[in-house]
Amino acid sequence: MLFVLKRILHRKIAATMVYSGLVLFGLLSIRDIPIALLPNIELPKLSIITTYANSAPTEIENLITKPISEIVGTIPGVEKVESESIEGYSFVHLRFKNGTDMHYALLEVREKLDLIRDFLPQDASKPLISRFDPNQSAFMEVVFFSQGLSDDRKLRQYIEDNIKVYLDRIDGVAAVQLSGGFQKEVLVEIDPERMNAYRVLPQDLKLLLSTNNKNYPAGQLPFGKKDLLVRAIGEFDTLGDVQNTIVSFNDASGPVYLSDFSQVKERYKNRNGLTRFNGKECVVVYIFKEPGKNTVSVSEEVTKVLSGIEDQFKQDIALNIVYDESDFIRQSISNLFMNLLIGSILAFIALFLILKNFQSPSLLLLAIPVTLFPSFLIFKFLGISFNMMSLGGLALGIGMLFDSSNVVLSAIERNLILGKKIEDAVLKGTGEVTSSIFSATSTTVIVFLPIAFLKSTLGIVFSEMAIAIVITLLMSLIVAITFIPLAASVLYRLRDISKEGFERFSLYNEKKLIGRYHDLLLHLIERPKQYLFLVLSLFVFSFSLIPMIQKEFLPKVDTGEFNINVSLPKGTDLDTMSDYMSFLEEELLKDKRIQSVIVNIGGEEENLKINPKAVTLPSKAVVKVILKEEESTSTSEVIQELRKKIQIAEGTELSFDTRDNVLGAILEQKQGSIEYLIVGSDLDSLQDIGLNIKRKLLSRMDVLDVRTGMEEKNSEYHIDFDQVKMAKFGLTNANVSNFVKIALKGMVSSSMKISGMDTSIRIGMDKKYADSLEKVKRLKIRTPFGENISLEQFVQLREEKNLTSVMRIGNFRVNTVAITVDPRFSNAASDIKSVLGDVKLPQGFKIQVSGEEENLAKSWQEVLLSFSLALLLIYMLLSAQFESYSSSFLMIFSIPLIFIGTFPALFISGKSLNISSFMGFILLMGVVVDNASLYYEYYQLFLEETGDSLLSVMKSSEAVFKPVMMNNTTTILGMMPVVLELGKGSEFQAPLGVVVVSGLLTSTLLSLLIIPLVFYKFRKHS
């Protein structure tokens, strides 16, 4: 290394140009680094969605969910199969082992589904496979309102025709999807009496329309020297084409047209849902970004286009951007540079107070851009994006960028004070500490290796944060042993410093401080038992605070947003739900702290392709509440007040959801929520146990909400067929079911293009024929034998109650119980566990924590494993570095000292023990061992020179005092912006900052005393 440094000092201009080039290319690389909310995460999850219209959950379970679950469960690598069957839908969720190739897994799932496709109900849709990718969710949401349109129902069509095309053209936009508003369809409204008179079978209509509405390839014909394609054209172009479809032919009267017994008309579909923004109905446009594209630049382009759209169509529509993912990214980048600026200023002030000059702190400050910009270049080559994790890693690494440079500069200055020439002082000083700073940086870097190489969800999510810290620290090491000596050789030559002048200028009051430190250290060496007892007492006291510190997996992040989930009894129509939600909106908008309220009632079935858990029933709604940015009241406090304020009507269920951040969704973590599973076989028993638990828990003060997966049963009509009579009439269950479906809901047969839009063709009846149970019974269906038979002759309709959903995990049926606890009660989780343990269960039933809770437990195990591995790796590295088992163990002894300050700090600040604070503990392990290894390096150096252990202790203590104080002071001050939570979203890193700052404060003061004592006593004993 000294050879390289000599070459650098010999070729100063060339070395300066190399660093200038690295900084320049680092600056240029910033443009090419993708900017995204999250790292490129591929989680081992797949969902299989199958629709089977109007089927009960138990039927869906037996006919679709069970066969699919059983066959996909045999795929290698599948860790867990979970399923849910609700009315009309089957959801099967697969979780694979970490590290599974999801592209190959997707192919295997498709192959298995193809094997059983013919065994599924004929009317069931083809199973849709959906992958979970948090980066594929909409990165922008825009609401549009009708402002000057002649009919508000035209809004959605207006957006499709005039606006969507502009958004589709934007480079970087992958897809644009609409939700809400009205959509058109072609209705073939049949007259059942006339249809029967023409002897048309209703079951034939769907097949007839779908087969006639197609173009078919018919081969090729030679034409000269060319072969021309031949196509049979049959697709419908106009409503007249549909009306003129020939249904049958009568020898006496000629062809029977569809128009003879029906009316074909274009109309607006019956809606399942609607969307409102601040009380006004709207259409929501979801904009999806292409993978790998820069979120901020695409957002800027979309915003620019939307501004043009608003100006061009302002007479007809108005718009409002309600969500823009780039806002968070901009804030993160802004916070990073603000933290960098504030931390650098604070570190500069601290260095000036210690060094008593401007030149040395300025030189150290210059190390920041020389470290950061080349690090960005490495980011580009490794394919790392700027995201909340990598930027978080950079923000945490800022405080440690000075450490290695501090040590090198202190060593150079110490040699200058001893009277050495500048180049000799630079070479000698750098050579003295190269080994120690390499060891120190290595220990900090190595603690993050277990996280970077974890293949679990935790490792996937946090690896980029660990890699970002590792890159910046390694770059800071290179800068410290090459750039700092280069810059010091130039700076001190320009200043022409003499030994006396430098000492007089730089060390004012430092001798006095070191003198007091020596006195205290000598006193400690003479009476070690008193101090060790005091340290041990503090250690025990700190650990006694752990039960009083709140524990959670992720720290609470106040996003200023929350959701209210509203559920009315199933069967509630859209108008009734809309009226109730209007009342709720008015109550919310009266609150001056609330900026906007977005209500989604029901939804479209197409949304399930994007989100398998999307709400589609008009009896359910989700209200997204956004607080004003300047609001000082926390989101949890607003929720607490609204719980008391909002009056809930009978049969209505309200629950509040504060888990509105992507990271929580990825790690399957629900803020303040505990989920249990009731496992059994009998559905009625599962439901009864769940409702019994719900009643018990809702009476407790520490429980806010309880939701079970199997709520009260809903009423429905069942059709019982007389199979003997049906066989006599030549009818089947499918014939009659489709006929009733046409009468009540209508049946989509195919689609056609109208004004360039795909428009579905629905076969239905006028409501007057089937608006009551009695009229349905009197409906007449034509048999294959030519008779018109009323339904009441061979069917019976009876009212029954049925479950709304059936859930399974593997081969077992389950009921979920999701409990939202009051955060003010720290023992709520353990108390609830005791209550559930006392519940009496039938034979073969059990209550267990949910799969999500199991995953969280595994994640905690991984955190503890990472902590243990980091400790082991540090010991191995130190042993290899210093060729000593015992000395390495003594250096490790400094790690327990960090707990003396961290637990009291977490308790006093109100922060929790979570993944962020544990990352702080891991980071601290590397930092505090750095101090011990630096001390050991100097101790060995002076011991070889003097041979006196006590003298070596005192001299090495003096040598490390300034660099240790400088390093830890700059690290502490560099992290102060994180601790003070400057900037929105910084709550996630605040626990880490509290741990690092408090741990450094106490461990630094104690290690400066305890580590010399331990080495002295060990040497004396040896």
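Glycine too: its Cβ is placed from the backbone N, Cα and C atoms.
Among the residue ranges 163-187, 388-412, the one that TrEMBL annotates as transmembrane segment is 388-412.
Here the transmembrane segment (362-382) does not touch the transmembrane segment (889-909). Their Cβ atoms form fewer than 3 pairs under 8 Å, with each pair 6 or more residues apart. With a cut-off of 8 Å between Cβ atoms, the residues of this chain six or more beyond the transmembrane segment (12-30) that come close are 369-370, 372-377, 379-380, 482-483, 486, 489-490. Residues of the same chain lying 6 or more positions beyond the ends of the transmembrane segment (388-412) and with a Cβ under 8 Å from any Cβ of it are 37-39, 328-329, 332-333, 335-336, 339-340, 343-344, 347, 351, 360, 363-364, 367-368, 371-372, 375, 379, 425-426, 428-430, 432-433, 436-437, 440-441, 444, 461-462, 464-469, 472-473, 476-477, 479-481, 484-485, 488, 492, 663, 923, 927, 930, 934, 962-963, 966-967, 970-975, 978, 985, 988-989, 992, 996. The stretch with the most CB contacts under 8 Å to the transmembrane segment (889-909), chosen from 433-453, 465-492, 531-549, 915-938, 992-1016, is 992-1016.
When each of 465-492, 531-549, 915-938, 992-1016 is checked for Cβ pairs under 8 Å to the transmembrane segment (433-453), 915-938 comes out on top. Using a Cβ-Cβ cut-off under 8 Å and counting only residues 6 or more beyond its ends in the same chain, the transmembrane segment (531-549) has close neighbours at 524, 826, 896-897, 899-904, 906-907, 912-913, 1006, 1009-1010, 1013. Using a Cβ-Cβ cut-off under 8 Å and counting only residues 6 or more beyond its ends in the same chain, the transmembrane segment (915-938) has close neighbours at 396, 400, 403, 407, 433, 435-437, 439-441, 443-448, 451, 458, 462, 465, 469, 553-555, 859, 863, 866-867, 870-871, 874, 878, 881-882, 887, 890-895, 897-898, 902, 906, 955-957, 959-960, 963-964, 967-968, 971, 988-996, 999-1000, 1003-1004, 1007-1008, 1011-1012, 1015.
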